[in-house]
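Presented below is the structure to which this report refers.
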């Protein structure tokens, strides 16, 4: 009889709470940490996040860290010796915020969380599915059906902001002597802008980001890698002139072989000549791998792991083809009538 009563609850997320193991309450919102089952009864979420859920949380945790590093590098200046210490401090802030957030979530005191399974996109936007059985009165059943993927990110951002305000100003004031009084705090001011933006982004577009973040990582990492490599003054010295005589295939094969044997090693050596370039290159490779793993979810290791061999592909492709789009070469050939 309990199942028959519970099946009358309208809407997708309205359910009844079991009381004293026998009686059910009125149809309404489930308590935090619970969601309705197929019988419209509120059940406690006792599962663990899947790999894709952890990858999503990792992506949302990386956003403030990457933005911290970007603005620290942007405002520190090339001659500032404080950038490295600020980078380390930002990493410590985000790591400490992540640990504290995990410890405070259920189960409290453990570096693990219990979660509800994400089934459809509407699970992220339950406020849009409050039913009106009589078309007059709205039954409010807004809840966190994706517990705790929605609120844990907001809590993490709050702790990131708190740790930044406690640690960063003191550090910057002590070590950022090479900058002016206003310039040394600009990276902190930037964080005060992007943290509200990230909060609104999670609150409004959390569900969309959950399904789209692997592709966002790949696209942004490819674009930023191309922009950085084009702006890092990597020399493109070798020239390439392709002839088309009767035996054109011979010369084409010869040019391609020259690309791989001579030009590619020189370009790669020029790319990694500076430690900063090497760090940026490997950081982008890690992002490529992160995006590929997020898309494949490693459901079939035998088929998915070989995809990681594609990680160096964009950098190698750029090094091989940059010579053909080098502006000086194009202008010179245009002036010669080619």
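Every residue gets a Cβ built from N, Cα and C, even glycine.
Automatic, uncurated: that is what TrEMBL annotation is.
Segment annotation: TrEMBL labels transmembrane segment over residues 54-72 (candidates 35-53, 54-72, 111-129). For the transmembrane segment (188-205), the partner stretch with the most Cβ pairs below 8 Å, chosen from 54-72, 211-229, 278-298, 304-321, is 54-72. Tallying C-beta pairs under 8 angstroms between the transmembrane segment (278-298) and each of 147-167, 211-229, 304-321 places 211-229 first.
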